[in-house]
C-alpha cells in the first residue's frame with residue numbers, strides 16, 4: 001500500500017511544483033514554470049493534462065503580461081500533449097480567455113495560437129467547438145474580445161458548411177460596423193485576408209460594401225488599413241469589377257484628407273499597380289501617381305519618390321517610354337529641387353534606374369541634366385545616392401558623360417565634415433574606380449584615397465586600408481607596386497606614430513593581394529625597420545603584422561629575417577610587445 005501511495009505522490013509532484021511556482025511572488029519563477037509547461041505535460045500524460053493542467057491554467061489567467069504572453073505562446077504547440085487533433089478543443093478555453101486580455105501583444109499571440117489550434121481541428125470539430133468560440137468573442141462586452149475575433153474568420157470559413165459561412169459573413173459585417181474604432185481597425189486589417197477565402201459572389205455582395213464603408217471611416221487609422229485590403233481585393237476580381245467596385249475607393253484614398261492614408265497609398269502603389277493591370281494603370285493610376293508626387297506632405301512625396309523606378313518598370317512595355325517622358329518625368333524634375341532633403345534623397349536612390357528604360361539618347365537628353373543637379377545638391381545623402389547607383393547609367397551611356405561633373409561631387413563628399421559620409425564614399429570607391437578606369441583614377445582620385453589613410457577618425461583610416469586592398473584586386477599587383485606602395489612606405493617615416501601604425505595596417509592587407517615577391521622585396525623591409533620604433537604600440541603591431549604576412553613569405557626569409565626580429569621583440573621591456581611577439585612566434589611555428 002505504501003509503495004502505491006508513493007507512486008501516486010511522485011506522479012502528483014510535477015503539478016504540485018507548477019502550482020507552487022505559479023503562485024510564487026517572483027514573476028521570473030512564474031515565467032520559468034510556464035516555459036516548462038510542455039515538460040510538465042509530458043510528465044502528467046495526455047489525460048491528466050486535459051483534466052487537470054488545462055483547467056488549472058484556465059483558472060489562473062490573471063497575471064503579469066510577460067507570463068501571459070509565454071502561456072499564449074506555449075498553448076499554440078500543445079495539441080500533441082493533450083492527445084492530438086481530436087482533443088484540440090481542450091485548448092480553446094484558456095486561449096479564448098487570453099484573447100480578451102487588455103495587453104495587445106498577449107491578445108495577438110493568443111490569436112496566433114488559436115489560429116494554429118483551429119487549423120488542427122477536423123471540419124466537424126471546427127463547427128462544434130471553434131465557431132462557437134469565435135461567436136462568443138464577436139459578441140463580447142469588451143472591445144478586446146471583438147478585435148481578437150477578427151483574426152479567426154479566415155481560418156474557420158473555408159472548412160464550414162454554407163449556413164455557418166453565412167453566419168460568419170454576417171458576424172464580420174457586424175465587426176466592420178462596430179462602434180469602437182479599435183475593432184473596426186482590426187476588421188480592416190483582416191479584411192484582405194478574409195477576402196481571399198470568400199467566394200467571389202459573396203466577396204462582391206458582402207465584403208466590398210464593408211470595404212467601401214471602412215475606406216470612408218471617420219478614423220484615418222481605419223481608412224489607411226482599408227488601403228491594404230484594396231490590394232488583396234483587386235487581385236481577386238476580374239478587370240471590369242476592379243474598375244467599378246475598387247477604383248472609386250482607391251481614387252478617394254489617394255486624395256484623402258489625412259496624409260497618413262495618402263502615405264499608405266504611396267507605400268502600396270506598386271502592389272496596387274500589379275493587382276489592377278496595365279490598362280487601369282495607364283488610365284487611372286498614372287494620374288493618381290502624379291497627384292501623390294506633388295502631395296503637400298513631404299512624407300508622402302518621399303514615400304512615392306522611392307516607388308518611381310518600380311512603378312515605371314511595371315508599366316506596359318508598349319507605352320512605357322511615352323508615359324515616363326510625358327507623365328512622370330515632369331513631376332520628377334520638380335522633386336529634384338524639392339525643399340525637403342528626405343524627398344530629394346529618396347528620389348536620388350532610384351532615379352538612376354530609369355536610365356535602362358529610356359535608353360542612351362533620352363538618358364543624355366532628359367536624365368543627365370537631373371543627375372548633374374543632384375550631384376551638386378547641398379545635401380550629402382543626395383550626392384551619395386546618385387554616386388552609389390552610377391552603374392545603371394554607366395551601362396547605358398558610359399561613364400565619360402558623367403565623369404567631369406562627377407569629380408567635384410566625389411571630392412566634396414570625400415572631404416565632408418560628417419565622418420559617416422566620408423565612410424560611405426570610401427565604400428563606393430572600388431566600384432567607382434572600376435567604372436572610371438585606372439588612368440582617370442590615378443589622375444583624379446588616387447590622392448583622395450591616400451588622404452583618407454591620414455584621417456583623424458580611426459573608422460575612416462580602417463576603411464581606407466581595406467579600400468587599398470580592393471583597389472589592388474581591381475587594378476593588379478604591378479599597379480600597386482608602381483602607384484601606391486611607395487606612397488604608403490613614406491608613412492613609415494612620419495613623425496606621428498598613428499600614421500606609422502596605419503602604414504602597418506596597410507601592409508597587413510596588401511600582402512594578401514600583392515604576392516610573395518612584392519611582400520618580400522617591398523613590404524617586409526619596412527615592417528622590420530619599424531621593429532625598432534620608439535613607440536611600444538607600433539612595435540607590438542610589428543609583431544602582429546609579421547605573423548599576418550608570414551604565409552606570403554618563403555621559409556628561408558622567415559628563418560633569416562622574421563624570427564630574429566620576433567625573438568628581439570620577445571625580449572622587449574614592454575609587456576604588451578613581449579606578449580604579441582610570443583603569440584606571433586607560436587602562430588608561425590604552428591602554421
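Just so it is clear, glycine is given a Cβ too, placed from its N, Cα and C backbone atoms.
What TrEMBL lists as repeat 'HEAT' is 14-52 (among others).
Per-class residue totals from DSSP over the repeat 'HEAT' (168-206), listed helix then strand then coil: 31 helix, 0 strand, 8 coil. Here TrEMBL flags 168-206 (among others) as repeat 'HEAT'.
Taken from TrEMBL, the feature repeat 'HEAT' applies to 207-245 (among others). The average pLDDT the prediction assigns to the repeat 'HEAT' (207-245) is 84.
Here TrEMBL flags 246-282 (among others) as repeat 'HEAT'. Outside the repeat 'HEAT' (246-282) by six or more residues, the chain places 208, 211-212, 215-216, 220-221, 223-228, 230-231, 233-235, 237, 239, 288-289, 291-292, 295-297, 299-300, 303-304, 307, 310-311, 314-316, 319, 323 with a CB less than 8 A from a CB of the stretch.
Annotation comment: TrEMBL describes 285-322 (among others) as repeat 'HEAT'. Helix, strand and coil residue tallies for the repeat 'HEAT' (285-322), in that order: 26 helix, 0 strand, 12 coil [DSSP].
According to TrEMBL, the feature repeat 'HEAT' maps to 328-366 (among others).
The feature repeat 'HEAT' is assigned by TrEMBL to 367-405 (among others).
The list of residues near the repeat 'HEAT' (406-444) in space but at least 6 beyond its ends in sequence, with Cβ under 8 angstroms from a Cβ of it, reads 375-376, 380-381, 383-384, 386-388, 390-391, 394, 399, 451-452, 455, 457, 459-460, 463-464, 467, 470-471, 473-475, 479, 483. Positions annotated as repeat 'HEAT' by TrEMBL: 406-444 (among others).
Residues 485, 489, 492, 497, 500-501, 503-505, 507-508, 510-512, 514-516, 568-569, 572, 574, 576-577, 579-581, 583-584, 587-588, 591 of the same chain lie 6 or more positions beyond the ends of the repeat 'HEAT' (523-561) yet place their CB under 8 Å from a CB of it. Taken from TrEMBL, the feature repeat 'HEAT' covers 523-561 (among others).
Within the chain, the repeat 'HEAT' (562-591) has long-range Cβ neighbours (under 8 A, six or more residues past its boundaries) at 524, 528, 531, 536, 539-544, 546-547, 550-551, 553. As annotated by TrEMBL, repeat 'HEAT' applies to 562-591 (among others).
According to DSSP, the repeat 'HEAT' (246-282) comprises 31 helix, 0 strand, 6 coil.
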